[in-house]
Amino acid sequence: MNPKFTAKDQRASSLAHNYIMVRKVNFVVCQLFALLTAFWFRLYLHPSKTSPFVRHVVATLLGFYFALFCFGWYALHFLVQSGLTYGIMILTGVEHMHKYCLVVALGYLSFCQITRVYVFDYGMYSADFTGPMMVITQKITSLAFEIHDGMCRKEEQLTPNQKVLAIRRMPSLLEYFSYNCNFMGILAGPTSSYNDYIAFIEGTPCRRSKDHQTNGKTNGRHKQTDPSPNVSTVVRKLATCFFSLMVFLSVCKVFPVERNIDDDFIATTPFYAQVVYLYLSMLTTRPKYYFVWTLADAINNAAGFGFNGYNSDGSPRWDLISNLRIMDIEFATSFKMFLDNWNIQTAHWLKRVCYERCPYNPTAATFILSAMWHGAYPGYYLTFLTGIVVTLAARAMRHNVRPYFLGSPSHKLLYDGITWAGTQIAICYTVVPFVLLSVGPSMKFYRSWYFSVHIGCVLLAVALPVKPRHLRLKEAPVLSHQDSTSTDGHCNQKTKAT
């Protein structure tokens, strides 16, 4: 061993570790300041006290300041990406604007991801500047498609949800940058519809109800003024953030994901124990996402954004832009249920931009778009390609097996127990490459499992018949909205697995 090389390598590793830690600290500090700023924004710049112009300017300038503090001059990429696509919106016709914006926004994001990964810092994906660009890409493309729907397509060509989201006029430059780069969501999102954001800035009543229904009753449009955020709602979300962070910091290192591909572990550990360890190691990776997304949701709620109408008992709901439902994730009894409750706003984006508009193989196209959006690591593509076959198999199982277990509560309980275990194993198996990032370690893991889940899912998808999509869509009108969500949402809400 060369001592000189080793010392140099250790210094490089130490610098890389320090860099990551500084970025993480900057991110958390910025988000905490954003939380305090959100309360101030709601109190002193309420729509009843100031104009939308002032609210747009302040939200945008604060967003740029936080971005510069957290990412330095890399934050200029946010301006470049947004500026290029706004120029496309102005200079090209609305007929093809949405296509150009999708290509340019996704292309610029991919360029930044590729150069960051393969030129600068492979593996240093924590708190990098392309994270906010991923959210901005969602906003740019969603806005372009909604403008196209509102200014180019006929009313009868739109789905009910597209009619609500459609934009009838071109946003001003200030409105556009405020939507993309406001301080509440520039660091961690979440994505929201443009109409919802403008309604929040202007202080108009709730523009639309949530995409889903609660307890079978539609919220509908509400004429009531949005209530002040319930303090307990923000406090509860902050408590969830704190608990998630503590769990991640204390447990994550106890169950490292890399141990799943350790030679001694594979050779000496019984297969059932490998399954249990896989579940525990992937379970402990999720709290960091719970922390980031719940804190982002709390920041928006503190500013007054996120009101989603009222429950059946009259209590206000603050989940319009929430990104996850933790209990539904951890106790998911189907692949569909897990995906429907994980990174919800990205699921909506994939559904509205890709799944609903893709004429051929929408499930595969949606997973591929999700892989491209996530970044340049090969592990992402392995995860989402695996997700395609798992999704098809899960859909086939649900359509063909589930009806036989609905006859009695005991049979349903047995079915739920089995499907919970199967869902958790399938999710963990699918997303291991997402964490390992590289092809070699990912394939080593799959080989240690003899590609069993891949093979099983392919056999199930081939052996069990499922009605084609166009037949399911024809049956949709005779179903209630809740039933339609359960059936079509099973294949519509396809999104990233981590």
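Any Cβ shown, glycine's included, is placed from N, Cα and C.
Whatever TrEMBL says is automated annotation, not expert-curated.
Annotation source TrEMBL lists transmembrane segment at 21-41 (among others).
Taken from TrEMBL, the feature transmembrane segment covers 53-79 (among others).
Nonlocal intrachain contacts for the transmembrane segment (100-119), taken as residues 6+ away from its ends with a CB within less than 8 angstroms of a stretch CB, comprise 77, 80-81, 84-85, 88-89, 92, 125, 128-130, 133-134, 136-137, 140-141, 143-145, 353, 372-373, 375-377. The feature transmembrane segment is assigned by TrEMBL to 100-119 (among others).
What TrEMBL lists as region 'Disordered' is 208-229.
Annotation comment: TrEMBL describes 379-397 (among others) as transmembrane segment.
Per TrEMBL, transmembrane segment is recorded for 418-437 (among others).
TrEMBL lists 449-466 (among others) with the feature transmembrane segment. Sequence-distant contacts of the transmembrane segment (449-466) (same chain, six or more residues past either end, CB-CB distance under 8 Å): 386, 389-390, 392-393, 395-397, 399-401, 425-426, 429-430.
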Completion exercise
Long-range Cβ contacts under 8 Å made by the transmembrane segment (53-79), restricted to residues 6 or more beyond its ends, are 23, 26-27, 30, 33-34, 37, 41, 45, 47, 108, 112, 127, 129, 132-133, 136, 174-175, 177-178, 180-184, 186-187, 201
